[in-house]
Amino acid sequence: MNPHAKLISTLSLILGTTITISSNHWMMAWTGLEINTLAIIPLISKPHHPRAIEAMIKYFLVQATASALLLFSSMSNAWATGQWDITQLTHPTSCLLLTTAIAMKLGLVPFHFWFPEVLQGSPMITALLLSTAMKFPPITILFLTSHSLNPTLLTTMAIASATLGGWMGLNQTQIRKILAFSSISHMGWMAIIIIYNPNLTLLTFYLYTLMTATVFLSFNTTKALKLTTMMTSWTKTPMLNATLMLTLLSLAGLPPLTGFLPKWLITQELTKQEMTTAATTMAILSLLGLFFYLRLAYYSTITLPPNTTNHMKQWHTSKTTNTVVALLASLTILLLPLSPMILTTI
């Protein structure tokens, strides 16, 4: 890809995100989302492969529909109340339309169908952007309008997302699809708590971004795209693969690691809100995700395939591990003891 085109796309992504997260007016928020969508499209279609073009078209159609719904929601609210301020969303139909639009942008169930396909058709770094940076503006809009959203609808969507994200990830062999269903499941955890404690949703999103970035960058270094190539990737960077195992367990939410913090806090908050059934359901559903994370961790470090493969065995590559990956991995594994300090910020 032309360096100038890549620079323009990257700057447009930063500009679109900044406009959306700093705006009070619905039209400015919508403009930022549109800039974001148009900026990521060249990055998705960069490989000039039929699958990449298909992913780009699916992404464009879904995001255009979601943006149109968001615009319609804000206009109907302005028509009923005379308010264009994001925090003044009070009209019931507008709230319902907005929830639908944001669910489409985030890939919440039942609007999740596009997300695994688009991630599978994108390069690894673009898939990382789609899973993290592109979800920040919609999460911000949910954060600003959290006081006027429908609790029953969001809780239903959240539990459905956690269920489907765990269930569909079980039989996948493509790493990007597994991470897509993992993302859907994590979005469910964020959606269930947004009304009761919006700051906790943002904390969960930041930690999710940290862990997902570590996983994607690790896979980008080892060039592993599916489980069969992951089995033999330990010969390239043994130390990185050992760290990747801990990162995956952190993403699963196992206690001594960073990923346990958001799940612990969300379960605690739901219990405080007398939503014990929802908290128990979410905790049980996280076991589904734990299964495929354990499978990934097992493949990443412990096994060689029991049968002969067509992959040439490679020994250590000359490429050293990126410092950024090392820093992110350290944070992903070791942040839990700092939780009292983190809690003072929310």
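Positions of Cβ are set from backbone N, Cα and C atoms, glycine also.
What you see is a predicted model, and the numbers here were worked out from it, not measured in a lab.
Taken from TrEMBL, the feature domain 'NADH:quinone oxidoreductase/Mrp antiporter transmembrane' applies to 23-288.
What TrEMBL records for 56-76 (among others) is transmembrane segment. Remote same-chain residues near the transmembrane segment (56-76) are listed as 26-27, 29-30, 33-34, 37, 40-41, 44-45, 84, 89, 91, 93-95, 97-98, 100-102, 104-105, 111, 114, 117-118, 121, 130, 141 (criterion: CB distance under 8 Å, separation of at least six residues from the stretch ends).
Beyond its flanks by at least six residues, the transmembrane segment (96-115) meets 33, 58-59, 62-63, 65-67, 69-70, 72-74, 76, 89, 130, 135, 138-139, 141-142, 145, 149-150, 153-154, 157-158, 160-161, 163-165, 180, 183-184, 187-188, 191 of its own chain at Cβ-Cβ distances under 8 Å. Annotation comment: TrEMBL describes 96-115 (among others) as transmembrane segment.
Beyond the ends of the transmembrane segment (152-171), by six or more residues, the same chain brings 96, 99, 103, 108-110, 112, 116, 177-178, 181-192, 194-195, 275, 278, 281-282, 285-289, 291-292 to within a C-beta distance below 8 angstroms of the stretch. Per TrEMBL, the feature transmembrane segment maps to 152-171 (among others).
Summarising the annotation, TrEMBL assigns transmembrane segment to 178-196 (among others).
Per TrEMBL, transmembrane segment is recorded for 202-219 (among others).
Residues or ranges marked as transmembrane segment in TrEMBL: 239-258 (among others).
Summarising the annotation, TrEMBL assigns transmembrane segment to 278-299 (among others).
According to TrEMBL, the feature domain 'NADH dehydrogenase subunit 2 C-terminal' maps to 290-343.
What TrEMBL lists as transmembrane segment is 320-343 (among others). Residues 203, 207, 210-211, 213-214, 217-218, 221, 237, 239-240, 243-244, 246-247, 250-251, 255-261, 265 of the same chain lie 6 or more positions beyond the ends of the transmembrane segment (320-343) yet place their CB under 8 Å from a CB of it.
Counting residues 6+ beyond its ends, the transmembrane segment (202-219) has Cβ neighbours under 8 Å at 124-125, 127-128, 131-132, 135-136, 139, 143, 175, 179, 182-183, 186, 189-190, 193, 225, 230, 240-241, 243-244, 247-248, 250-251, 258-259, 261-262, 265-266, 322, 324-325, 328-329, 331-332, 335, 342, 345-346 in the same chain.
Confidence over the domain 'NADH dehydrogenase subunit 2 C-terminal' (290-343), given as mean pLDDT on the 0 to 100 scale, stands at 75.
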